[in-house]
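**Q** OK, Swiss-Prot features for this one:
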BINDING   Gly8, Arg9, Ser10, Gly11, Ser12, Gly13, Lys14, Ser15  ATP binding site
BINDING   Asp60, Ala61, Arg62, Asn63  GTP binding site
Amino acid sequence: MRMIIVSGRSGSGKSTALDVLEDNGFYCVDNLPAGLLPELAERALINTELAEPLLAVSIDARNLPSHLTRFPQMLDEVRSRNIQCDVLYLDADEATLLKRFSETRRRHPLSTADRSLAEAIRDETTLLGPIIDLADLKINTTHLNLYQLRDALKLRLLNKPEPGTAFLIESFGFKRGMPVDADLVFDVRCLPNPYWKPELRDHSGLEQPVIDYLSVQPDVEEMFQDIFAYLNKWLPRFAASNRSYVTIAIGCTGGHHRSVYLTERLGQVLQQSLKNVQVRHRDLS
């Protein structure tokens, strides 16, 4: 049986996550009291109507504070039943959450006449502390639109063919912000930039003209070898420490050329020695 617990601050994308999971065969329960988590898992295990039990629940700040405090104990109880249980935590920066609430005009679950929206958002972080500390996967949705979030959720949650550590190698552009959910970040802005070649500017690191240009640059090859040597040595140690997810981010200025090229190459070579290696290009449209 597989269970995914979805949590996060209000406005971060929890409803979208449940929709994606439901569309892919998960039985979903929204706003489950954390104290009922073990009982729900037990009932799902003995339910003969579920050919392959796939269960997703959202637990967030709408819970009683006392239930959230007990979340670590509830999670241990579920996992003691030999259930593969992953905790997904979604978040976004405060300015983005404020903007989303302003656009939808929805009321924050913690807001009151005496508590501003900004205060409610900050208080929510404190309440969810026990879940944040135990999250297996954290996804920051600040720079993701609805479709990008759905794609990211499918990639990280549904393309994990077997238990073990799932590695995501992600290209990005610093001009749109660094991925705050990355575990390792490599800055490759010091490398020759195809953007300044007019004939290459409109191509990406996935296309042959850019590949041909970067593949003959000595600094690019040296950077690739150094990053690969580091990852090849240390990623197995991450896997041995029972990490469920590890995100490696490779960043250049715009996220179209150098980081894309290196991310693709690293993904190809690491897939030969590691299981569950995924590649994503955040800023390629």
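Cβ atoms here come from the backbone N, Cα and C positions, even for glycine.
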**Q** For the recorded ATP site formed by Gly8, Arg9, Ser10, Gly11, Ser12, Gly13, Lys14, Ser15, name the remaining residues of the chain with Cβ within 8 Å of the site's Cβ center, in chain order.
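**A** Checked against the 8 Å cutoff, the neighbours are Asp60, Leu90, Asp91, Ala92, Leu97, Thr141.
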**Q** Cα-Cα, whole number of Å: Ser12 (ATP binding site) versus Asp60 (GTP binding site)?
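**A** Asp60 (GTP binding site) has its Cα 11 Å from the Cα of Ser12 (ATP binding site).
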**Q** In whole Å, how far does the CA atom of Ser15 (ATP binding site) lie from that of Asp60 (GTP binding site)?
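**A** Their Cα atoms are separated by 11 Å.
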**Q** Using all protein chains shown, find which of the binding-site residues Arg9, Lys14, Arg62 scores highest when you count other CB atoms within 10 A of its CB.
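**A** Within the set of binding-site residues, the most crowded position is Arg9.
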**Q** Near Arg62 (GTP binding site), which binding-site residues out of Gly8, Gly11, Gly13, Lys14 have their CA within 10 Å?
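**A** If one measures from the Cα of Arg62 (GTP binding site), no binding-site residues come within 10 Å, so the answer is none.
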**Q** Check the Cα-Cα distances from Asp60 (GTP binding site) to the binding-site residues Gly8, Gly11, Gly13, Lys14 and tell me which is shortest.
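**A** Result: the closest of the binding-site residues to Asp60 (GTP binding site) is Gly8.
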**Q** What is the number of other Cβ atoms found within 10 Å of the Cβ of Ser12 (ATP binding site)?
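**A** Neighbour count, Cβ to Cβ under the 10 Å cut-off: 25.
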**Q** Which of these binding-site residues has the least crowded Cβ, counting other Cβ atoms within 10 Å: Ser10, Ser15?
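**A** Each of the binding-site residues Ser10, Ser15 was scored; lowest Cβ tally within 10 Å is Ser15.
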